[in-house]
Amino acid sequence: MLESSVFYLSWMLIIGGVVLFWRQQRVCALYGRYAPGQGHCWPAGLAWFLQEVPALLTPLLLLLWTEEGSGSGTGTLVLLCTFVLHYSYRSLIYAFLTRGRPVPLRIIVFSAAFCGLNGFLQGHHLLHCTHFHHTWMTAVRLAAGWFLFLVGLSINIHSDHILRNLRKPGELIYRIPRGGMFEFVSGANFLGEILEWCGYAVAAGSFPAWAWAFFTVCSIGPRACHHHRYQYQFEDYPPSRKAIIPFLL
């Protein structure tokens, strides 16, 4: 029963990713600069905290409720910490530093529910459905996945810092980001997050992890392309920059 829920939730991520990718060929996801102005909106910091924190708390609660010695091996904890590390940054650091636009309440509710479900999927699968052999800790796959995740996290954090300092507190204007991976792509923060979850999937080597990486690519990859087209309203925008993949796309 529990393993079947992992299977179905993973396929829901894949199908949802395909739907989002198709939909964003016509219109960008409605948040940030693309969010509609009408409706009840909450401050960006509070909104990001509320919508991201379920993905942090759900795996930790599952770990707390898991019996000692059951699903709590070193390999499981390493991957669980990898997942939690990203959402610790998103919900506890990024949320309180962001200067973004207010977020509509319906988007907060939808995002919080989604993050909670994905947190359950990844945490439950790691804690209750997988077993890692002791040799897994020395496998090349783990080293490669962790390296890719940490590179992506570093790019993500640095890109957020650049974007946050593009404007003064209270300003809502947009400027050309410069420095770091923004010298190569318009969506450097999106590239960082994609690398994070691809690295996580490489290290875990599981269907739910790869489903989540696929969903991430489908959901924020097109958004990076929308950003890229938006930036061309600036006359001095660097023509050599790509949207999401340096030198290619």
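For all residues, glycine too, the Cβ spot is worked out from N, Cα and C.
Automatic, uncurated: that is what TrEMBL annotation is.
Taken straight from TrEMBL:
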TRANSMEM  6-23  transmembrane segment
TRANSMEM  44-65  transmembrane segment
TRANSMEM  77-97  transmembrane segment
DOMAIN    102-249  domain '3-oxo-5-alpha-steroid 4-dehydrogenase C-terminal'
TRANSMEM  104-124  transmembrane segment
TRANSMEM  136-157  transmembrane segment
Mean per-residue pLDDT computed across the domain '3-oxo-5-alpha-steroid 4-dehydrogenase C-terminal' (102-249): 87
For the domain '3-oxo-5-alpha-steroid 4-dehydrogenase C-terminal' (102-249), residues assigned helix / strand / coil by DSSP: 101 helix, 4 strand, 43 coil
